[in-house]
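> There's a structure below that I have some questions on.
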Amino acid sequence: MEVDGEARPFLLFSKPKSSKKKPKQEAEPQVHTQPEEPPNPSPSPAIEPDLRDSDEAPAAAVTEHAGDDAAAAAVPSTFAELGLSQWLVDVCDSLGMRVPTAVQRRCIPRALEGRDVLGIAETGSGKTAAFALPILHRLGEDPYGVAALALAPTRELAAQLAEQFRALGAPLGLRCLAAIGGFDSLGQAKGLARRPHVVVATPGRIATLINDDPDLAKVFARTKFLVLDEADRVLDINFEEDLRVIFGSLPKKRQTFLFSATISDNLRSLLELSGNNSYFFEAYEGFKTVDTLKQLYIHVPPDAKELYLFYLLSKMNEDNIRSVIVFVSTCRTCQYLDFLLEELGHPAVSLHSHKPQSRRLAALHNFKSSKVPVLLATDVASRGLDIQTVDLVINYDVPRYPRDYIHRVGRTARATRGGLSISFITTQRDIRLLHEIEDVVGKQLGAYDGEMRDVNKDATKVFKARRLANMKMADEGHEDKVQARKEQKKRAQERKRKHDE
């Protein structure tokens, strides 16, 4: 993303700040009695003295990696040693967070110093707490107005972030607004006008709220923190115009936290732009999979993918598999398989962007709470979402890029538990993609060795369900939705082409 001279619409990082710190004073949360922020706050951000610019030389940029022995020796090992307020240490303990993870140990002290932070760590490594705890620490000292804006690439991830902020900030009486599509925008605009402590949003919805009512931009005039979770996806070209609106509403003097499971060229460029006073920590040691994950593939005839899927799912109890995520490449396939399994009487829920938001959240809740054993999903569920226990991942469609494969199969075999992934190989293209995946993960996938001689026993039932599912897709207008999305994507690509010219 370009930085165009003085305006710098995509300059995420603030000006270099002094590393000088005033003596730390422990502060109890000032919870429920904060005054209302004036209707027209001053455009200058209310920043603590230790974060203001000074005449002293700015702190140098710091880059560390998980394997840096010298740096690791000085890293705090408990939440109390990180410099957090005692009430936050107590909250972590009450939530079962006894020992900080690597990304938390490295990033939280730097954030408390006032640095901008870019943290790269795998899904499930505790990235949310790495940025939420420093924000809540500051809020405990000065709970006044919208202190933080956190952006996430998907509605589900934004909703999850809001839940985690509320859990961690409960003793503070935290007011957190989730501004996401699929819900009443008028109600969200009113909630934003009440100046909650933390706003968690998708870029599209928050930009729409500001465009519809430019006065809402004043709500962010004193925002101290900007967070981009799954930052490489938030910085995708599809969000560019929304981000211009959002960044134009934020003060230049702020801390910026970028966290992601994947380092991208955009993130590297932004790290260089940040210059001084930034901290980069990478706990991600390339694309790899855990040793407790058994990775298999199975050759499937092109016209029998549904048959093989139903056969594997019907063996869940026999194979002691309690939960399955089936990843597909398109929203159409996701909804189609939802209808198919419904016709076959196999309980499942689907998660994709064509689905109304309330139903998406309900589907995710039902799967996470084990009410439904099968989740059909596009890659919207491959990163960020906190789904603790998944026994089997099926790649119904092989992903185009090895990194997406890593994120998908990373939903299972978490926290030292074992797990299984099975990829359907149907075409020569799938074989090529399989070889690319093997090159990246550094190991060969094994051929599925389960019993498959009975796979055709339900062929008549499955083919009938396939016909009915396709009819339902047409009846409910899903084909029209697919076409509309294609046209929308085409227009976005055309805008990008003109912009590049």
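Keep in mind that glycine also has a Cβ here, set from the backbone N, Cα and C atoms.
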> Kindly point out the range from 77-105, 193-221, 280-308 that Swiss-Prot annotates with motif 'Q motif'.
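In Swiss-Prot, residues 77-105 carry the label motif 'Q motif'.
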> Please work out the helix, strand and coil residue numbers for the motif 'Q motif' (77-105) from the DSSP assignment.
16 helix, 0 strand, 13 coil
> Looking only at Cβ atoms, how many others are within 10 Å of the one on LYS127 (ATP binding site)?
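LYS127 (ATP binding site): 25 neighbouring Cβ atoms within 10 Å.
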> DSSP three-state call for THR128 (ATP binding site): helix, strand or coil?
helix
> DSSP-wise, what's the residue breakdown of the motif 'DEAD box' (229-232) into helix, strand and coil?
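Computed counts for the motif 'DEAD box' (229-232) are 2 helix, 1 strand, 1 coil.
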> Over the motif 'DEAD box' (229-232), what is the model's average pLDDT?
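91, rounded to a whole number.
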> Centre the Cβ atoms of ALA121, GLU122, THR123, GLY124, SER125, GLY126, LYS127, THR128, go out 8 Å, and tell me which other residues of that chain have a Cβ in range of the ATP site.
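After dropping the recorded site residues, what remains is THR101, VAL103, ALA261.
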